[in-house]
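Visitor: I have a structure I would like to understand better, so I am pasting it below and will then ask my questions one at a time.
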Amino acid sequence: MAVNLLDFDLDGLAAYCEGLGEKRFRAVQLFRWIHQKGASDFAQMSDLAKSLRDKLAAAAEVRPLPVLTEQASADGTIKWLFDVGGGDAVEAVFIPEDDRGTLCVSSQAGCAVGCRFCSTGHQGFSRNLATGEILAQLWFAEHHLRRRLALKPGERAITNVVMMGMGEPLQNYNALVPALKVMLDDHGYGLSRRRVTVSTSGVVPMMDRLRQDCPVALAVSLHAPNDALRDELVPLNRKYPLQELLEACNRYLESAPRDFITFEYCMLDGVNDTDAHARQLIALVQGHVRCKFNLIPFNPFPASGLKRSPRERVQAFAQILADAGLVTTVRKTRGDDIDAACGQLAGEVQDRTDVQRRMTRRQPIRIHARPAPGAASAKETSS
Ligand code: SF4
């Protein structure tokens, strides 16, 4: 099979080009064609020597992921379902706001962590994505949106990437890091470290490696203020309990591009949302780790047996944290009508049989009308 050039960060591409007898600056040119201009046809790459274009055409390709469906929400959120082969599919979600465009990217088909409130977790684990499959989501979304939104040359559709789609990114570390490097590279997508966020359920050893190899913004899925409850909600806690996790957060902050960790906290009715839980959370983090809280209204799905906390409960919980001086936001639910809200990303693919059936039928991609960009309120962030 041809070599997929989306699998390489710039150093990797330079090494590959060197193997073809080409200098590094040729790799830079090629890299810019692929990631900055969205080109996949080597014949288009006019400043590359014809001999190099011929070599590339014979041995390599820029391999996109086939799009199974595209769904646009009334609030401007767009969700793509990508075919990654073998009956598996992954999703990426674009969330437009006034001042930015965020792409939520998947790192695995399924997930092995099995968080109780997460529909991807209920699906189980299928496989890790390759670097090229992680980047293909960004490559497609950026260049597709540039055309669709008729952006001017140099304008970007995607200003922020969050590794919060399907999968635990730190359990696919070797593929993740080169993908992050391409996102950050000035010859690639040129995103600042503060605008690329890895979200983890708390894989402590890999948090330590990430801070050395490629420190970007970090979000930690906390979801509980004590080990007994977190053991139940986020099973990885049994391996890396809260105290170890918070110590890893503090080590991470030594090299992080932001001076706080974002703690994600999914609000589950009667499970983790009482005043007592809020006070426990304060005792857990205050004076121990610099952090912000992002409270996420739970998006119910039948197999979970869990319910969303009422809006007033979420507000009261947020107020207790805020009164204690902890910066707290309540995430605005986006893309509810297309199952693109947080924790729903497996909604479409949970039933593998259904995906296989749709893939076999080769349904045409559903293209919806261009949505009006949505705006989040000042106190709410988007999922
Ligand atoms: S919340 Fe994240 S880590 Fe937990 S099961 Fe879902 S995808 Fe995996």
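Cβ from N, Cα, C; glycine included.
Bear in mind that TrEMBL entries carry predicted annotations, made automatically and left uncurated.
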Visitor: Write down the one residue from Ser199, Ser309 that TrEMBL lists together with Gly167, Glu168, Ser221, Leu222, His223, Asn299 as binding S-adenosyl-L-methionine.
Guide: Ser199
Visitor: For the domain 'Radical SAM core' (97-337), report the average pLDDT of the model, please.
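Guide: Summing pLDDT over the domain 'Radical SAM core' (97-337) and dividing by its length gives 96.
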Visitor: Quick check: in three-state DSSP terms, what is Cys115 ([4Fe-4S] cluster binding site)?
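Guide: In three-state terms, Cys115 ([4Fe-4S] cluster binding site) counts as coil.
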Visitor: Those recorded positions, Glu91, Glu168, Ser199, Leu222, Asn299: which ones have a Cβ sitting under 6 Å from ligand 1?
Guide: Glu168
Visitor: From the recorded positions Glu91, Cys111, Cys115, Cys118, pick the residue whose C-alpha lies nearest to the C-alpha of Gly167 (S-adenosyl-L-methionine binding site).
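Guide: Ranked by Cα distance from Gly167 (S-adenosyl-L-methionine binding site), first place goes to Cys111.
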